[in-house]
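Novice: Quick one: structure below, then a few questions.
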Amino acid sequence: AFSGILAEADIAAALKACAAADTFNYKAFFAKVGLSAKSADDIKKAFFVIDQDKSGFIEEDELKLFLQVFSAGARALTDAETKAFLKAGDSDGDGAIGVDEFAVLVKA
C-alpha cells in the first residue's frame with residue numbers, strides 16, 4: 001500500500017516499536033516509519049492510503065485500525081490511543097483528521 005513511499009524495513013521497525021498495547025506514539029511512529037522526513041506530496045499519498053473509505057477524512061474507526069493499514073497482522077489501537085491520536089490531529093474539532101491536519105500531525 002505504501003510502496004514507493006515507505007520502506008518495508010522501516011514499517012516493520014515502527015510496528016515492532018509499538019506492538020504492546022498503549023505504547024503507540026504518533027510522533028515516534030511517523031519518525032520511525034520515515035514519513036515525517038517525506039515531501040508534502042508523499043505525505044498526502046499516505047493520507048489517501050489511510051483514508052480507507054475515501055471520504056477525504058481519517059475518522060476514529062480508521063484511526064483505530066491505523067497500524068493495520070501498514071501491515072495486516074498489526075494490532076488495532078486501544079480506545080485510549082485512538083482518542084489521543086484523534087485529539088492530537090483534529091485541530092478544528094470536527095471529529096476527523098483532514099489532509100492538511102494530517103500533514104501538520106506528521107511533521108509535529
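Note that Cβ sites are derived from N, Cα and C of the backbone, with glycine treated the same way.
Under the heading Ca(2+) 1 binding site, Swiss-Prot lists Asp51, Asp53, Ser55, Phe57, Glu59, Glu62, citing similarity to another entry as support. Positions annotated as Ca(2+) 2 binding site by Swiss-Prot, on the basis of similarity to another entry: Asp90, Asp92, Asp94, Ala96, Glu101. Feature annotation from Swiss-Prot assigns domain 'EF-hand 1' to 38-73; the stated evidence is sequence analysis. Feature annotation from Swiss-Prot assigns domain 'EF-hand 2' to 77-108. Summarising the annotation, Swiss-Prot assigns N-acetylalanine to Ala1.
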Novice: I'd like to know which of the recorded positions Ala1, Ala96 has the most other Cβ atoms within 10 Å of its Cβ.
Specialist: Ala96
Novice: Could you list the residues of the same chain, at least six apart in sequence, whose Cβ is under 8 A from the Cβ of Asp90 (Ca(2+) 2 binding site)?
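Specialist: Those within reach of Asp90 (Ca(2+) 2 binding site), by Cβ under 8 Å and sequence separation of 6 or more, are Ala96, Ile97, Glu101.
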Novice: How many of the residues that make up the domain 'EF-hand 2' (77-108) does DSSP mark as helix, as strand and as coil?
Specialist: 20 helix, 3 strand, 9 coil
Novice: Quick one: pull the CA-CA distance for Ala1 (N-acetylalanine) versus Phe57 (Ca(2+) 1 binding site), whole Å only.
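Specialist: Their Cα atoms are separated by 18 Å.
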Novice: Highest CB neighbour count within 10 A among the binding-site residues Asp51, Asp92, Asp94?
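Specialist: Per the Cβ count, the most surrounded site is Asp51.
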Novice: With Cβ-Cβ distance below 8 Å and at least 6 positions apart along the chain, what are the contacts of Asp53 (Ca(2+) 1 binding site)? List them in sequence order.
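Specialist: Those within reach of Asp53 (Ca(2+) 1 binding site), by Cβ under 8 Å and sequence separation of 6 or more, are Glu59, Glu62.
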Novice: Per DSSP, what is the residue count of the domain 'EF-hand 1' (38-73) in each of helix, strand and coil?
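Specialist: Tallied per class, the domain 'EF-hand 1' (38-73) gives 21 helix, 3 strand, 12 coil.
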